[in-house]
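So the structure is just underneath, and the comments pick up after that.
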Amino acid sequence: MEIGFTFLDEIVHGVRWDAKYATWDNFTGKPVDGYEVNRIVGTYELAESLLKAKELAATQGYGLLLWDGYRPKRAVNCFMQWAAQPENNLTKESYYPNIDRTEMISKGYVASKSSHSRGSAIDLTLYRLDTGELVPMGSRFDFMDERSHHAANGISCNEAQNRRRLRSIMENSGFEAYSLEWWHYVLRDEPYPNSYFDFPVK
């Protein structure tokens with residue numbers, strides 16, 4: 001592990017996670033380069049702010065489920081290479097039904113340099129503490145469509161309210177939202193704003 005980084009569950013005790021890119025359940029359809037274990041890594045500063053967010057969410061009856069944190073540069077390169085491949089339709093319906101995979105970059109869903117590689121970005125959602133069920137957000141994680149935008153039309157009032165709740169929790173815990181993805185937040189005062197790391201998650 002790089003100095004300054006930690007497994008988030010070692011700091012944010014009791015947090016739930018499902019490291020999608022370590023599994024077959026992601027838009028590439030297979031585990032992604034650089035993810036060798038199903039755990040989530042981030043900077044210590046990210047972990048401390050997430051702990052604050054977890055505590056704030058709990059006062060409202062919610063918990064945090066994490067999908068991705070630190071992302072090795074090799075994983076980003078894997079995304080870029082995948083986006084350049086001919087369409088095979090294996091994941092299109094589930095993740096990008098209304099665009100071509102070649103448009104993922106131009107539309108802002110995939111970037112050649114990711115804030116995740118700096119170690120202080122997080123992808124997450126809320127779940128109800130009383131039932132353990134994920135709250136409805138109007139689209140799935142990594143759904144590359146306008147429906148995933150914070151200002152999306154066509155989602156229910158409850159889904160919009162849930163997005164606002166997550167955003168309020170995160171912004172009050174030191175994070176900034178990304179307008180195109182309701183699940184993506186970056187630490188406002190990140191410790192390595194100009195560094196992109198490539199050590200594997202293991």
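The backbone N, Cα and C atoms fix where each Cβ goes, and this holds for glycine too.
Swiss-Prot annotations:
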- ARG71: site 'Transition state stabilizer' (SITE)
- HIS116, ASP123, HIS184: Zn(2+) binding site (BINDING)
- GLU181: active site, proton donor/acceptor (ACT_SITE)
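Features as recorded by Swiss-Prot, highlighted on the structure.
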| residue | record | DSSP (3 states) |
| --- | --- | --- |
| ARG71 | site 'Transition state stabilizer' | coil |
| HIS116 | Zn(2+) binding site | helix |
| ASP123 | Zn(2+) binding site | strand |
| GLU181 | active site, proton donor/acceptor | strand |
HIS184 (Zn(2+) binding site): tally of other CB atoms within 10 A of its CB: 23
Between HIS116 (Zn(2+) binding site) and ARG71 (site 'Transition state stabilizer'), the C-alpha gap once rounded to whole angstrom: 5
Pairwise CA distance, HIS184 (Zn(2+) binding site) versus ARG71 (site 'Transition state stabilizer'), rounded so that it is a whole Å: 13
Other same-chain residues whose Cβ falls within 8 Å of the Cβ centroid of HIS116, ASP123, HIS184, the recorded Zn(2+) site, in sequence order: TRP67, ASP68, GLY69, ARG71, SER114, SER115, ALA121, ILE122, TYR178, GLU181, TRP183, TYR185, VAL186
Recorded positions: ASP123, GLU181 - member with fewest neighbouring CB atoms within 10 Å: GLU181
Count of other CB atoms lying within 10 Å of the CB belonging to HIS116 (Zn(2+) binding site): 25
Neighbour count (Cβ, 10 Å) for ARG71 (site 'Transition state stabilizer'): 27
Distance from ARG71 (site 'Transition state stabilizer') back to the residue listed as 'active site, proton donor/acceptor', taken between C-alpha atoms, in Å: 17
